[in-house]
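Data block below; observations after.
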Amino acid sequence: MLSRSDPTYPAFPLLAFLGAIVVLIPLPWHFQAWNAGTCLFMIWTALACVNLGINSIVWNNNVINSAPVWCDISSRIIVAVAVAVPAASLCIQRRLYNIASVKTVNMTRAEKRRGIIIDLAIGGGVPVLQIVFQYIVSGHRFDIYEGIGCYVYTYNTPLAYPFSFLWPLVIAMISGCYCVLTLINFFRRRAQFNAYLTSNSSLTANRYFRLMAIASLEIVCTIPISAYGLYLNLTSGTMNPWISWEDTHFNYSKVNQFPAVIWRADTTAVISFELSRWLAPFCAFVFFAFFGFAQEARIHYRKAFLWIRSLPPFRGLFPERPLKGGVKLPNGVLEKADRRQPKHDAESLPVYSARPPRPPTFSSLSSSLAPEEMSTLSAAPYHEKIPDTPSTPSTASTASDLSYDDRALYEHHIV
């Protein structure tokens with residue numbers, strides 16, 4: 001269905017919900033590896049996709065304030081995500097820097113726990129602080145934009161820049177410094193770095209460089225976007241002086257509603273809104289491209305497929321394929337034949353062996369052999385090969401040398 005407020009509808013909600021699903025796929029094995037920064041990045045990105053996707057559906061072709069409580073929550077999520085994703089990237093860069101500059105190969109459990117606590121404080125505590133500080137410079141409750149949904153409003157005053165507008169840019173610049181230091185230490189301490197990766201089963205060189213790539217890409221995207229947003233706030237709007245708390249929060253329950261025909265007439269507003277909301281599914285799909293096709297991901301996909309195939313509704317749709325050179329045990333498990341121990345019990349069948357050929361009958365030849373030759377023949381085993389006797393007149397067969405049936409046939413030919 002086409003939308004007059006959003007020409008791309010329903011592409012955005014579909015891609016947003018799909019991004020929320022795919023970005024959470026690598027979460028289990030990163031959680032097992034104690035990658036707090038990576039887990040925070042996935043959770044915050046998925047939350048942003050779900051939030052923006054719901055808003056685009058509910059407020060498609062309308063600006064009615066139909067869910068004020070949801071808008072209070074949704075607008076605060078937008079504030080938190082604006083710094084949460086850069087903060088999660090900072091946690092990733094900080095961990096990569098600690099690995100590249102490690103002086104000892106083995107880390108104690110207390111050191112790992114301390115690192116996780118610091119990452120949670122950065123990736124979870126900083127967004128909460130941002131919500132609190134943004135409330136100080138929030139001019140009214142929220143705004144509703146047709147096709148976009150609920151959006152936070154920040155009063156454009158000098159105090160708003162250190163409390164709200166500058167945080168994403170500052171965090172991204174700190175991450176950039178960590179990235180440069182990580183590269184420097186990596187080239188200086190190659191031996192210690194390789195030793196650490198060898199001793200750490202949860203982190204491989206491939207995963208390390210993929211983490212560095214996704215964090216660096218986030219820095220490359222965040223710095224110019226945050227700088228552009230800061231430029232728009234400084235140039236496009238009126239700078240209001242900070243007078244008092246009461247002046248800033250006067251008539252705080254007001255909700256401004258903007259139809260698409262109004263806000264889409266402003267090119268700057270269109271660029272700002274579309275860029276900020278499409279960034280969430282973009283981050284989700286980029287993260288999945290880095291970690292959704294790795295070796296550990298394929299291993300977990302196979303385990304999930306085998307588990308689904310074992311469910312009763314799907315056993316007929318996905319029949320088990322026999323292993324090459326394998327046998328099926330009584331409990332239904334397929335196992336290679338060379339791993340099975342031989343069983344010698346009453347249920348096993350006897351081993352088949354070919355019976356040796358029976359020896360020829362020597363009754364017709366016995367009368368033509370000498371006694372000593374006859375004794376030699378009878379003493380030999382039945383499976384020995386009988387020496388070939390040359391065909392001479394002295395050993396030629398006669399009627400007396402043949403059996404009864406052969407004698408009749410012989411006499412018939414003589415007649």
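Just so it is clear, glycine is given a Cβ too, placed from its N, Cα and C backbone atoms.
Keep in mind that TrEMBL annotations are predicted by a computer and have not been checked by a curator.
If you look up TrEMBL, you'll see 12-31 (among others) marked as transmembrane segment. Distant neighbours of the transmembrane segment (12-31): 6, 38-39, 42-43, 45-47, 49-50, 52-54, 56-57, 277-278, 280-281, 283-285, 287-288, 291-292, 296-297, 300; these residues of the same chain sit at least 6 beyond its ends, with a Cβ under 8 Å from one of its Cβ atoms.
For 38-57 (among others), the entry in TrEMBL reads transmembrane segment.
Within the chain, the transmembrane segment (77-96) has long-range Cβ neighbours (under 8 A, six or more residues past its boundaries) at 35-38, 40-41, 44-45, 47-48, 51, 115, 118-119, 122-124, 126-128, 130-131, 134, 150-152, 164, 167-168, 171-172, 174-175, 178-179, 182, 208, 211-212, 214-215, 218-219, 222, 280, 283. Among the features that TrEMBL reports, transmembrane segment is placed at 77-96 (among others).
Marked as transmembrane segment by TrEMBL: 116-137 (among others).
Annotation source TrEMBL lists transmembrane segment at 165-187 (among others).
According to TrEMBL, the transmembrane segment annotation covers 208-231 (among others).
The annotation transmembrane segment is assigned in TrEMBL to 278-294 (among others). Only residues 6 or more beyond the boundaries of the transmembrane segment (278-294), in the same chain, are considered here, and those with a CB under 8 A from a CB of the stretch are 12, 15-16, 18-20, 22-23, 25-26, 30, 41-42, 45-46, 48-49, 52, 81, 85, 206-207, 210, 213-214, 217-218, 221, 225.
The region 'Disordered' feature in TrEMBL is assigned to 332-403.
Residues or ranges marked as compositional bias 'Basic and acidic residues' by TrEMBL: 335-347.
Per TrEMBL, compositional bias 'Low complexity' is recorded for 388-401.
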The transmembrane segment (165-187): which same-chain residues, six or more beyond its ends, come within Cβ distance under 8 Å?
82-83, 86-87, 89-90, 93-94, 96-97, 100-101, 126, 130, 154, 193, 212, 215-216, 218-219, 222-223, 226-227, 229-230, 233
